[in-house]
């Protein structure tokens with residue numbers, strides 16, 4: 001029988017190894033063992049219910065994290081930092097989207113190293129963590145710097161340019177990115193190492209936790225840094241914020257030097273920027289749709305982080321798993337598993353109908369999302385003040401979210417294997433593209449849902465207009481990263 005996925009290649013290889021061991025030793029290896037060493041690599045041989053058990057709690061935590069970040073932002077937008085520096089409103093979605101992409105790719109990369117058996121000793125863990133901290137610090141500082149500049153430029157459409165505002169926004173963004181990157185790098189490394197030691201596949205838990213907690217930590221760091229710098233930035237001078245921004249920029253070349261000194265991070269630093277930039281451009285499409293949609297349906301904004309964030313979190317897990325499978329199979333970049341080609345993975349029926357584990361996991365991810373969506377939608381109705389609960393809306397939302405996730409899982413299969421075929425490591429590039437697509441697709445489908453219900457069931461989207469305009473909430477984009 002021909003293997004249907006890279007995961008099947010691992011299982012087939014494992015069976016061959018076990019057969020050889022049986023013939024040599026005359027004893028049978030316990031088939032219940034969930035881990036098998038393959039040429040120094042650790043492959044988690046799973047079943048679909050194992051995946052379901054390991055991933056359910058992280059998916060739940062990711063949803064809670066998205067809602068917590070949204071509630072925190074809703075409260076923080078009335079603080080002095082946001083009311084005095086309106087440019088920050090434009091910065092928030094861009095910064096969270098970019099940081100989310102960096103953290104999820106880092107989690108995917110670290111999970112692959114763990115499954116390859118390269119995070120077994122304390123020295124391996126510490127050196128890997130050190131080099132990756134230098135890498136993501138460099139990426140985060142550079143991307144936050146440009147995100148802040150773009151935010152200031154876009155704000156010129158509505159506000160007059162003020163130099164002190166620009167300095168404060170840039171310094172706050174870079175400080176938040178630097179602080180959050182260190183904290184999240186250590187947290188994600190701990191999750192990956194501990195889950196591996198407990199017999200849990202880190203691919204199943206690291207990406208959702210990174211995405212959900214990452215939004216909250218980054219947002220808190222931004223608000224905290226900005227609130228501390230605001231009193232020191234007066235009409236006459238803003239030297240303290242300027243000194244912080246310049247200091248962070250001066251440290252960046254040293255961080256990049258250490259990141260480029262090892263092969264594990266060198267390629268990412270040199271060639272990993274294109275996917276982040278592409279994700280930002282794709283995300284702009286979602287932003288344009290959202291900008292138009294909230295004018296017609298103000299209550300739509302409260303559901304936007306949920307549909308984009310949960311879809312991105314779930315597809316990032318499948319992406320991380322498929323990347324690990326390709327690495328563990330031992331095929332070099334540019335070579336797909338035996339008996340397969342790019343055309344194999346362009347087949348949409350293969351996503352859910354193939355007999356391999358990838359398809360079973362995709363089905364679990366797709367259908368397992370429904371109860372989570374029901375819970376979180378009801379939770380939003382209970383906490384939001386501008387929307388009216390109807391079961392018609394809940395049912396329609398679940399259907400549209402189902403369609404979104406099905407499309408994302410197909411695109412995951414295509415993007416991961418095409419990137420591998422053309423010589424790009426999908427661990428470094430697939431997640432940003434998929435989470436940005438989740439934002440674009442989720443926003444478009446959510447707008448379509450409201451238009452559909454307005455036409456055929458207007459009672460289902462009875463929106464109570466707020467006394468205050470949704471100038472900040474409608475700008476949110478908690479994608480993990482989204």
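The backbone N, Cα and C atoms fix where each Cβ goes, and this holds for glycine too.
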Practice prompt. Looking at the candidate ranges 313-339, 394-420, report the one that TrEMBL labels transmembrane segment.
Written response: 394-420
Practice prompt. State the residue range annotated as transmembrane segment by TrEMBL; the candidates are 97-118, 361-382.
Written response: 361-382
Item to complete: Report, as numbers and ranges, every residue of the chain located at least six residues beyond the transmembrane segment (166-194) whose Cβ falls under 8 Å of a Cβ in that stretch; write 'none' if there are none.
Response: 81, 85, 87-88, 91, 95, 99, 102-103, 106-107, 110-111, 114, 119, 125, 128-129, 132-133, 136-137, 140-141, 143-145, 147-149, 151-152, 202, 205-206, 209-210, 213-214, 217-218, 221-222, 224-226, 229-230, 233, 238, 241-242, 244-245, 248-249
Worksheet item: Against which stretches of its own chain does the transmembrane segment (48-72) lie, if we need a Cβ under 8 Å and a gap of at least six residues from its ends?
Response: 34, 96, 200-201, 204-205, 208-209, 211-213, 215-216, 219-220, 302, 305-306, 309-310, 313-314, 317, 357, 360-361, 363-365, 368-369, 372, 375-376, 379-380, 383, 476, 478
Worksheet item: What same-chain residues lie close to the transmembrane segment (361-382): Cβ under 8 Å, and 6 or more beyond its ends?
Response: 48, 51-52, 55-56, 59-60, 63, 66-67, 302-303, 306, 310, 314-315, 317-318, 321, 351-352, 389, 394, 397-398, 401-402, 405-406, 409
Fill in: Considering the transmembrane segment (271-290), which listed stretch of 129-154, 209-231, 394-420, 440-457 counts the most C-beta pairs under 8 Å
440-457
Item to complete: Would you kindly check 129-154, 238-259, 394-420, 440-457 and say which stretch has the most C-beta pairs under 8 angstroms to the transmembrane segment (295-312)?
Response: 440-457
Response to the item:
DSSP puts the residues of the domain 'SLC41A/MgtE integral membrane' (92-224) at 115 helix, 0 strand, 18 coil
